[in-house]
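As structure tokens, the structure follows; a few thoughts come after it.
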Amino acid sequence: MSIDDVIYVICLLGCIGAGSYVKKIADEGQRKLVSTGLGVLVVVIVSGLHSLHCFVSLALGTAAVLLVHPSKGHLVTFAVMFGYLVFFRIFDFYFGIPGHTNMIQMILTLKVSGIAFEKTAAWKRLQAHDEQKKNDQRDVHQESPIEITDYDVELQSLSAAEILHYSFNYIGVLTGPYYRYRTYRDYFEMPFKTYAPTVEATLEKLKYAVFYCALYLATNYMWPLDYALSDEFFNDRSFVYRLLYVWPTFFTFRARIYTGLTLSECVCTMAGFGAYPDESDPNNGEGPRKRYQHLKRDADKHTYNFTTIVNTRVLEVERCWTFREGMKHWNVCVQYWLAVNVYKLFPSKKYRTGATLLCSAYWHGFRPGHYFCIMGAPFYVSLEDMWDKLVRKSATGTSRRVIDVIFWIFKWFAFSYLGEAFLLSSFGNIWRFYSSVYHIGYISWAAMTALGFYLTSQRKAAERRKKRAAEKAAGGDGIAAAIEKEKAQ
């Protein structure tokens, strides 16, 4: 474990410990100041002088949110925050920036641009509501009334101080999870944190974090990624060994990510952040999907969960059968941001999936490995979907269970093979490794795609022949019936 990782873990543990103190501060304004102060302190400890990038980008993004008209503010803020990543990573290329500073900048980018998207969406609802009110002859049976909330109105009068507090709140400042500005406000305005099982939830997550950390340390010791870059690995190890090495290295990566994300969730749970009643139907990253403001009147009578701040559903990722399902459970808070702000708003439905994945790769970084990995995912998903229709969808019983296991093995091979590019990062390292295993992943997937297309066309042709035969038989029966009728007459 590097010194950066040690500092990172110490900061996370410190933030977890601070949660019980922060939650008890009665004055909401004071609690907000303390939370922001802790966040700034963590950023400076982890980043040093490089923390200036965070402050400069926040200032630029805040100016875009406040000064640009809401109709275009989300686009300008998006361009400013994601554009700053170019400068940030060029600076990193020449001068070097701590890896955890990069994560802080990534989360900050989502938060500031996310609040601009929230403001624009609220402004559009307000405009539509006003337009609806002006139309006195609206048919109530044809068009339901547009509902607006106090939150929609208040978003239009955001202050720079509020954006600063939201952006540098110590909860989530290091590695997330991403949460909406509404979730941040609810923490200070709603009483849910007082009645949520904060200690129990934190202890439960800490158990898992310790388990993941132990797995990470053990597997990283036995199968270090650096070994995959050594001459011995390429000269003395067999093709099979090199190919199978992607499994433990990606497992190590997952264990490391699970450890960090689970500790980040502990920061939230210990402070009671992101706790909502079950009745509010909270979603990862989004928060409540049902009305919940009235629930504060009897807050002590509800059961609570922390779904809003759960960033990765680990058991579902590990146990699900397909690559597509695994993607849905991975980094779900960030996926929510991408789905709402990129996928749904992209003007072309034909290209919006590609645009969303490209945005994700860009957000992760400019290294070739990010694009090999993330942009390769949809090609495997389309292959998997094809074979799912061919062999898995109609299977039952023992056959279905066997096919599920085969899909699960292929799922993890695909994750590991593509993930190896993410880990190796540079084009030279990626090409050297893939060449050493003869690009077997891409070649086998291309062959399976071709075979899948062939079998699909054969199945469709057989279905067409069967349909024509049935129609012909039905037609023949009709002619025979007509002949019999004539004879009877």
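Along the chain as shown, residues are numbered 1 onward.
Positions of Cβ are set from backbone N, Cα and C atoms, glycine also.
In the three-state DSSP assignment, the secondary structure recorded for N331 (active site) is coil. The feature active site is assigned by Swiss-Prot to N331 (among others), with similarity to another entry given as support.
Same-chain residues at least 6 positions away in sequence with a Cβ under 8 Å from that of H364 (active site) are, in sequence order, M106, H370, I374. The active site annotation in Swiss-Prot covers H364 (among others), and the record cites similarity to another entry as its basis.
Taken from Swiss-Prot, the feature transmembrane segment applies to 2-22 (among others), supported by sequence analysis.
Swiss-Prot lists 40-60 (among others) with the feature transmembrane segment, giving sequence analysis as the kind of evidence.
Tertiary proximity for the transmembrane segment (75-95) is limited to same-chain residues at least six positions away from its ends with a CB under 8 Å from its CB atoms, namely 53, 56-57, 60-61, 64-65, 68, 102, 105-106, 108-109, 112-113, 116-117, 341, 359, 362-363, 365-366. The transmembrane segment feature in Swiss-Prot is assigned to 75-95 (among others).
Residues 225, 228-229, 246-247, 249-251, 253, 320-323, 326, 367-370, 372-374, 376-377, 380, 384, 387-388, 392, 433-434, 441, 445 of the same chain lie 6 or more positions beyond the ends of the transmembrane segment (405-425) yet place their CB under 8 Å from a CB of it. The transmembrane segment annotation in Swiss-Prot covers 405-425 (among others) and is backed by sequence analysis.
For the transmembrane segment (433-453), the residues of the chain that approach it from at least six positions outside its boundaries are 228, 234, 239, 242-243, 379-380, 382-383, 386-387, 390, 413-414, 417-418, 420-421, 424, judged by C-beta separation under 8 angstroms. The annotation transmembrane segment is assigned in Swiss-Prot to 433-453 (among others) on the grounds of sequence analysis.
The Cβ of N331 (active site) lies under 8 Å from the Cβ of N311, T312, each on the same chain and at least six residues away in sequence. Sequence-distant contacts of the transmembrane segment (2-22) (same chain, at least 6 residues past either end, Cβ-Cβ under 8 Å): 31, 34-35, 38, 42, 45-46, 98-100, 170-171, 174, 198-199, 202, 206, 260, 263-264, 266-267, 269-273.
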